[in-house]
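K.L.:
According to TrEMBL, the protein has these features:
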type	residues	note
TRANSMEM	58-84	transmembrane segment
DOMAIN	75-341	domain 'G-protein coupled receptors family 1 profile'
TRANSMEM	96-117	transmembrane segment
TRANSMEM	137-155	transmembrane segment
TRANSMEM	176-195	transmembrane segment
TRANSMEM	221-246	transmembrane segment
TRANSMEM	288-309	transmembrane segment
TRANSMEM	321-344	transmembrane segment
Amino acid sequence: MTTNMATTTPVDLHITDTLASLGNTIYHMMSTSSPTNTTISTNNLTIPDSVHDMEYDVMIRLVCLYIVIILGAIGGLLVCLWMWYNRKHRSRVNALILNLCAADMLVIFVACLPQLVWEHMEREWLAGGFLCKTYKFCMSFSMFASANMLVVIAIDRHQAIRSPLREPAPVWMMCLVGWGFAALTSVPLFFVFHIRYDPIKEMYKCENTFRGKPMIHRQAFLTYAAIVSFLLPLIILVISYIRIFLKIAQKAAESKNSKRQSFKPGKIHLTSTANTSLPKAKIKTLKMTVVIVAAYVICGLPYFVAEMIMSYDDYHKLSQALYGILGGIAAANSAANPFVFLLFNANWQCVRGLKLCPSQNNTAKRSFVYSSASTRSEYSTVYVRSPPIVSSDTYELTTVRGTSR
C-alpha cells in the first residue's frame, strides 16, 4: 500500500498542475477577450483580438455624451438669445459667432446625438452602407467646421488689431472658406467606412475598412485626421492670439511713454490722453486667449493621443473606462465654445438681473477696446480743442474711435 501511494502521488501532482495551468490559461483568455474581441476563421477557431475591436465602458461613454449634448444645447440656446438681444449690432464678430454656433450645433445634433442612439443600440447599424458613409462624413464635417470657425475668428481678430486700417475680407467669404475646407477634408470618410457583418453578435456594424489591412493604413488616416482637425487649427490659434497680445502690449507701452513728454512754456503742445482701458483690454485678451486655447487642447488632445497610442503602440495600455471617457468628450469643445464666448461678451449685470440688456448709446469719444466681440473699426487721430479750464496755450490731442465699418 505504501508503494502504490508513493508511485501515484507524482502522477496526481502532475495532473493537478496541468489542470491548474489550463484553468489559468482559460481565465486569462476570458478576462482579456470578449465576443467582440474575437473573430472566426474557416476552422471555427478563435484568434486574439485586435485594435479594431477595442472595447470601452459603455455606461461611462453614455454619461459623457449626455453631459456634452445637454450643455451644448443650453450653450447654443444662450448664444442664440445673446445674438437676438444684440441683433441691432450687426458686427463682423456677431456674424462669425453665429457661424461658430451653427457648427457647434451640428456637432451636438449631427455627431453626438446619433452617437448616443447608436450606443444604446449596442452599435448595431440598420441604415445601410450609403447612410453609414454619409453619417461618418457629416460627423467629420461638423467637427472640422467647428474648429475652422475658431480659426476664422482668430484670423479676423488678428487682422482687426494688427492692421485695423486694412480692408478686411467679407465675412461670408471667410466663413465660406471655413465650411468649404471642412467639407473637402471630410471627403475621405466616404472611402474609409463601410458596413460589416459581425458573425459573433449576428448584426451589421458601421466601421472603418482597416480591418485585415496593414496597420500603416490606420496610422496614416488617423495622423491625417489629427493634423487637419486638431494640430493645424491649434497652431493657427496660438500664433494669432500671441500676435494679438504682443500688439496690445506694444500699444500699452506707447501709452505709457506718451506721459513722459516734456512741455516748454510759450509753445503749443499736442498730447494724447492716457488710455486707461488698454491695460484692461490686454488682460482681457490674454485671459480669453488662455481659455480658448486651453479648452481646445483639453477637449481634443487626450482623444487624439489615445488614438495615436492605439495605432502606434500597445493599445492594451488604455483601460476601458479611460477610453470610454475620451471618446465621450472628444466633441466637448463644441459644448464649451458657447460658454467661452459668453463669458467674455455677455453683460453679466443684465444676466444676474434677469432683464434684457439695453443697447449702449454711441458716443463721440470711445477708448480703444480690444475684444473678440468688438466690431471691426478704424481708429483715426482727430484734433479737438479741450474746454478751457484755465488759461493755457496747450491743446489736447484726443484719440477717438472712428466710424465702424
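Glycine is no exception: its Cβ is also placed from the backbone N, Cα and C atoms.
Since the structure is predicted, the reported quantities are computational estimates derived from the model, not experimental observations.
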K.L.:
State the non-local partners of the transmembrane segment (288-309) in its own chain: residues 6+ outside its ends, Cβ under 8 Å from one of its Cβ atoms.
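P.N.:
Residues 147, 150, 222-223, 225-226, 229-230, 233-234, 237-238, 241-242, 244-245, 315, 317-318, 322-323, 326-327, 329-333, 336-337, 340, 343-344, 371-372.
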K.L.:
Using a Cβ cut-off of under 8 Å, list the residues of the same chain at least 6 residues beyond the transmembrane segment (58-84) that approach it.
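P.N.:
Those are 94, 97-98, 101, 104-105, 107-109, 112-113, 115-116, 119-120, 321, 324-325, 327-329, 331-332, 334-339, 341-342, 345-346, in sequence order.
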K.L.:
Which stretch, 137-155, 221-246, 321-344, tops the Cβ pairs under 8 Å count with the transmembrane segment (176-195)?
P.N.:
137-155
K.L.:
Would you mind giving the whole-number mean pLDDT across the domain 'G-protein coupled receptors family 1 profile' (75-341)?
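P.N.:
PLDDT averaged over the stretch: 83.
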